[in-house]
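According to TrEMBL, the feature heme c 1 binding site maps to B:H49, B:H52, B:C76, B:C79, B:C94, B:H95, B:C131, B:C134, B:H135, B:C144, B:C147, B:H148. Sequence annotations record features per position, and here TrEMBL assigns domain 'Class III cytochrome C' to B:69-148. Positions annotated as heme c 2 binding site by TrEMBL: B:H80.
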Amino acid sequence: MIERRDFLKGCLACGVTAATVSVASGKAMAAGSFEGYPDAMGVLVDLTRCVGCRSCEAACNAEQKLPEPDLAFDDTSVFSDKRRTTEKAYTVVNKYQVADKETLFRKIQCNHCTEPACLSSCFVNAYTKTKEGAVIYNAKVCVGCRNCMIACPFNIPAYSYSSPLNPLVKKCIFCYDTRLKDGKPPACVDICPQQVMTFGRRADLIKLGHDRIQANPAKYVDKLYGEKAVGGTSWMYLSSVDFDKVGFDGHIQNEPIISNVKDFLGFVPMVLSIWPALFTGVHLLATKNKDGHHDHEEGDHQ
Amino acid sequence: MHAVKRQMILGVTGILMMLVSSVCFGAGIPDKVTINSIQKYYAPVSFNHAAHINKLKDCGLCHHHTTGAQVTDPNCARCHKNSGAQAVVSCKGCHTAEPFTPEALKQQRDQQPPIYHRDKPGLKAAYHISCLGCHEKMHGPTGCQDCHKRNDGGDAIFKSGKYAPKAPAKPKAAHH
Ligand code: SF4
Ligand code: SF4
C-alpha cells in the first residue's frame, strides 16, 4: 500500500511522464494481494440485531462535532427515505421492508476498505489507510475534485457543499483521532444498545462472523459481506436476507477498485482538461456490475 | 455430596451478591433489580424481577444454564446439559460493561477453552438483546422510553426536547 501511495504522490509531483512509468511498476504488484495490516481493527455489523433506534447517528454527530441535524435523532420519519451519508451525517440508518412483516435496518458509513478506491483515486494524496484499519483524510490538502466520491464503490464520501467555494471531503473516519488510535471502539459502536457492531481485530472478526453463521445457519445467509468485496473491507456484515435486499451491491467485484482505476490515474494530469469525460470513465469503471444497485439510485437523486 | 453442597452455597452467595434491592423471593432472589448501565442518557430501570419470574417461570430464558435450569439451545447443551447451578448468575457477573477495551478483547481472545463464549455480548447488549427480543415475541413494550425515560444527557445527544433543532436547515449558500 505504501508503494501505491508513493506512486500516487509521484503522479502528482512529476506529471504525465513519471506517472506513466509508475503505472508500469504499479502493475507489477498484483492487485488484491495486499492482505492488510495484521493487527488492523474492524467491525462486524449484524443486521439482524439492529432495532433502528438511531443512537449511532446521534453518537456520531456528537463525537465528530457535526452540525445540528434537520430532525431530532429520535424522529423515525427519516425512515420513509433511503438516505445516504452527507457532510452533516457520516452515518445513517435506513429501513428496508424485506418481507411482508419483516423489516431490517441497515447502518451505512465508510467501510474502510483494505485497498481503498478513494485513496487510489486521490491525486493530491489526501487519504491514508492507517495501520489500525481506518481510512482517514487530510482536509487541508483536499482540493475538492470529487474523484474519491466517484471512485468509492459504496458512495460514501460527501462534500461540504455548504461552502461552495471550498468544498472539502467529509466522511466517517472510524473515530480515528478521538478513539481508534488509542485502541478504543468508535462512538457508534460504543452507544449501540444491541451490539449490532462488534469491534475487534479484523482477522478475529472474520472467524467470529463465520462462527455466528455456523452456530445459526437458519438465521443467516451464508456470506460475510466485506470479507472479500473490493479486496476486503474493515467493516463487514451479516444478514438474514440476501444482501441486495438491504441496499448492498450483491454483485460487487472481489478485486480492489484500484485495478480498474489505476490505468486511468496515470493520465490524470492530462485529463484535467477533459474533466467530464474522466468522471464518466471512472464512474463507469467503479460501478461495473452495479446494475440495480440501490445505493446508487438513491445517491443519484440526492 | 460435599461438592454439591459447596456449589449450592456458592450459588446462593452469587445470588446474594447480585442483589441491589430485595424483598426476597425464596432464597435470596431479588424482586426488584435496579439497572443503571446507561445512566448517562437514561434514568435507571427498576426491573420487576418478581413479575417476570411469575410470568415466565423458566429462569433459563434469561440466565442461560447458570441457575441450573435445563438448557434448550443445542449449542449450550453440549457442555451445560448437566452443569448445574453456578456461583455467578447475575448478568453483570459474566457480561462485561466494557466489552471492547484492548484488555477485554485480549481476554476474549485468550480465554480457555478457546472455542466457546467468544462471542459474548457486553452488558448493555445482553440486557437489550434479551429483553427486547423477548418483548417483541411476547408483545411487551419495545420503545426505548417504555423502559427507561431519557434524561437531560440523553436529550442533548438525541437533539430532542429542549435541544431540538430550531428550524429546518436552510441552504447556507444563500448568504453568499
Ligand atoms: S445504535 Fe445500534 S440498534 Fe440503534 S440504529 Fe444504530 S446500529 Fe441499530
Ligand atoms: S466510526 Fe465514528 S465517524 Fe464513523 S460512523 Fe461511527 S461514530 Fe461516525
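Cβ from N, Cα, C; glycine included.
In TrEMBL, annotation is done automatically, which means it is predicted and not curated.
Shown here: features listed in TrEMBL, placed on the structure.
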residue: B:C76; record: heme c 1 binding site; contacts (Cβ under 8 Å, 6+ apart): B:H64, B:H65
residue: B:H80; record: heme c 2 binding site; contacts (Cβ under 8 Å, 6+ apart): B:H64, B:H65, B:V71
residue: B:C94; record: heme c 1 binding site; contacts (Cβ under 8 Å, 6+ apart): B:T66, B:V88, B:K120
residue: B:C131; record: heme c 1 binding site; contacts (Cβ under 8 Å, 6+ apart): B:C147
residue: B:H135; record: heme c 1 binding site; contacts (Cβ under 8 Å, 6+ apart): B:P141, B:T142
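Around the Cβ of B:C147 (heme c 1 binding site), 20 further Cβ atoms fall within 10 Å across all displayed protein chains. Sorting the domain 'Class III cytochrome C' (B:69-148) by DSSP state (H, G, I as helix; E, B as strand; all else coil) yields 40 helix, 1 strand, 39 coil.
Taken as a whole, the domain 'Class III cytochrome C' (B:69-148) shows an average pLDDT of 89 in this prediction. According to DSSP, B:H49 (heme c 1 binding site) sits within a helical segment.
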